[in-house]
Structure formats: structure tokens, C-alpha cells
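Over in Swiss-Prot, the protein carries these features:
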ACT_SITE  HIS189  active site, proton donor/acceptor
BINDING   ASP31  Mg(2+) 1 binding site
BINDING   ASP31, GLU33, HIS189, ASP194  Mg(2+) 2 binding site
DOMAIN    28-202  domain 'Exonuclease'
SITE      PHE37  site 'Important for substrate binding and specificity'
SITE      PHE132  site 'Important for substrate binding and specificity'
SITE      PHE154  site 'Important for substrate binding and specificity'
Amino acid sequence: MRMNEPVDAQPAPSFLPMSRRFRGYLPVVVDVETGGFDWNKHALLEIACVPIEMGADGRFFPGETASAHLVPAPGLEIDPKSLEITGIVLDHPFRFAKQEKEALDHVFAPVRAAVKKYGCQRAILVGHNAHFDLNFLNAAVARVGHKRNPFHPFSVFDTVTLAGVAYGQTVLARAAQAAGLDWNAADAHSAVYDTEQTARLFCKIANAWPGPV
């Protein structure tokens, strides 16, 4: 050992820190449940976010989930067929829905904290058909005039593409099963369940990919 070499010297990690892994962006998985397909006229009803964390070994894992049910914004429509698919009961006594501004504050706060924790510049939305989620999110942000949206306004990581490349599957349920993840069809179309499963899928694919060093 050389005279000036620290006794506890460790080899340099063979992976990039989160702040550099995705050009300064922190992946955050988002899923929304809505009153239809048109973000300009249909209501946002549920949202969930899961920041992606990085362990000491450089492997990714899902962080804590933040979620909210939303009161439909005034003037927006809800297609009854969408409620049949999601199973959302708008007047359920335990739905505890928040107004859009309050709901966005609730889910954005832990995202901003995770961005700061990893020294990233901002969050980048990860989703399955990600621009659907981003468009509804951006529409809600615009409606309430939210000034602290942590997400990139148009860039995304789409697990449809990632799963298509990795497993040859583009449907979330089939992609999750191809990745060796459990899938419960009864829980699907809940923003929390779909977000958490998408986060697991993203981590499975990202951890299998030899990232830049």
C-alpha cells in the first residue's frame, strides 16, 4: 500500500449515479385513470406516482407510491364506459377525492423530494402509453395554473416500447407476465396498481440493460 493511499479506499463504482444515468432526469412512473380518452374534455379521476430509486449497487427499484383520487374538474365530461372499465365509483363514501390543485400538490411533493435527493434536474414521466398519462397531467397542471410541476413537459420513457424490445409484448399485463411479475387482473385499471406494476416492469428492464459507465 502506498503511503498516501487511504486505508479504507474502495474501488470506484462501475455505474453512473442517478443524477447522470438519464441525463439529469429522475424516472418517475405515473398512471392516471380518467373519464375518457380526450384530455381536453374528459376528467382526471385518479393519479399515482412512483419515483424510481437506485440502490448502493446501482440497481433500480420502485420507491414509495403517492396517489390521489380527484374530484372531476368543472365543465369536464365523464364517459360512463370509462367508469365501467376502471370500476371507479365517484360518490363512494371512502373515495376521499381531492380538488385538482390539492391532488397535484400531494403527488408532486414526493417527486420533487426524490429529484432533490438524487441531485437530478427534474423528473421524466415513465408510463405505459406514457403520452396518454402526460397529456392528462399537463392538462390538469394548465387548468389549475400549477407553478411547480416537476415533470419534463414532453419527454417520456414509455414501457410499451421498452417491453416490446425486451419481451416482444406491448400490453401491460402480458409484458409484466413475460418479465416474471405477478399480475392480478382484478386489481388492474387502478392507478396505484398499474403504476406499481409499471414501475416493477421498468426496473426489471433497466436492471437487465448494461447502462453507460
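Cβ atoms are placed via backbone N, Cα and C, with glycine included.
Predicted, not measured: the structure shown is a model, and the values here were computed from it.
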Here the recorded sites are PHE37, PHE132, PHE154; the one whose Cβ sees the most other Cβ atoms within 10 Å is PHE132
Across all protein chains shown, the binding-site residues ASP31, GLU33, ASP194 give the max Cβ-within-10 Å count at ASP31
Given the Mg(2+) 2 site ASP31, GLU33, HIS189, ASP194, its other Cβ neighbours within 8 Å of the Cβ centroid, in chain order, are VAL32, GLU46, ALA48, THR86, ALA188, SER190, ALA191, VAL192, TYR193, THR195
Among ASP31, GLU33, HIS189, ASP194, i.e. the recorded positions, the one with its Cα nearest that of PHE154 (site 'Important for substrate binding and specificity') is ASP31
Sequence-ordered recorded positions within 10 Å (Cα) of ASP194 (Mg(2+) 2 binding site), taken from ASP31, PHE37, PHE132, are ASP31
Near HIS189 (active site, proton donor/acceptor) (Cα-Cα within 10 Å), the recorded positions in question, chosen from ASP31, GLU33, PHE37, PHE132, are ASP31, GLU33
One should report the C-alpha separation between PHE132 (site 'Important for substrate binding and specificity') and PHE37 (site 'Important for substrate binding and specificity'), rounded to whole angstrom, as 8
